[in-house]
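J.: Dumping what TrEMBL says about this protein:
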DOMAIN    101-174  domain 'RNase H type-1'
Amino acid sequence: MCNLANLSKIIKEEIDKGNLEPIIFTKAVFLCWFIWKARNDLVFQSSKQSPISTVTRAMGAWDEFFSATETTSSTHRLLHSSPSLHYSHWIPPGAGSLKINCDASWSRDLKKGWGGIILRDNHGHLVDGRRFRISSTSAFHAEASVLREACLFAKALNLSSICIENDNAQLISLSVSELVPPWEALAIIFDIRLLASELRLSFCWTP
């Protein structure tokens with residue numbers, strides 16, 4: 001792992017000199033964060049991740065962040081703002097629309113966890129939801145399973161053209177692209193893509 005403190009110092013110096021564009025800076029911030037997460041996974045969970053995988057997840061998260069900005073002016077504000085703009089509250093859908101949020105918890109020891117799905121209207125009112133137990137081989141597999149259940153949940157309620165939010169950037173990136181998923185979640189990701197196409201679902205990463 002690189003020395004993040006030195007890397008941050010170098011980045012700041014380059015920005016002060018005017019040699020680094022803000023968009024490159026935001027990419028560097030995402031990369032540093034995912035390197036830090038990979039380092040923690042290695043130290044505390046003995047989970048090794050390849051450099052390519054780390055960079056891929058970081059750029060996937062950055063792409064979701066960048067695509068969430070709708071105009072050039074809003075992009076400019078986000079790229080020059082402080083980290084306090086990273087929202088921690090729920091963002092409602094458009095008037096008359098619905099939104100699904102889903103998440104998973106997982107136990108490495110038990111290889112089991114729980115999944116949760118919430119459907120809310122643009123006023124934040126709970127419309128429907130469910131909670132269920134899941135058996136998964138990894139945290140990513142659990143998250144993917146819950147996202148597929150959220151798609152099936154929308155189908156069961158005859159919903160279409162709605163947004164489904166999840167906090168796993170890699171999962172969202174794989175769901176909206178043609179990248180090859182990890183083998184453990186290959187079938188699940190393909191199911192998600194098929195359901196998304198059938199129901200015209202959109203996916204959004206939220207921190």
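The count begins at 1 with the first shown residue.
Backbone N, Cα and C atoms are what each Cβ position is placed from, and that goes for glycine too.
TrEMBL entries are annotated by machine, without manual review.
The shown structure was predicted, so the numbers you read here are calculated from the model rather than taken from an experiment.
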J.: Considering every residue in the domain 'RNase H type-1' (101-174), what is the mean pLDDT value?
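T.: Mean pLDDT, the domain 'RNase H type-1' (101-174): 92.
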J.: Of the residues in the domain 'RNase H type-1' (101-174), how many are helix, strand and coil by DSSP?
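T.: Residue counts in helix, strand and coil order: 24 helix, 31 strand, 19 coil.
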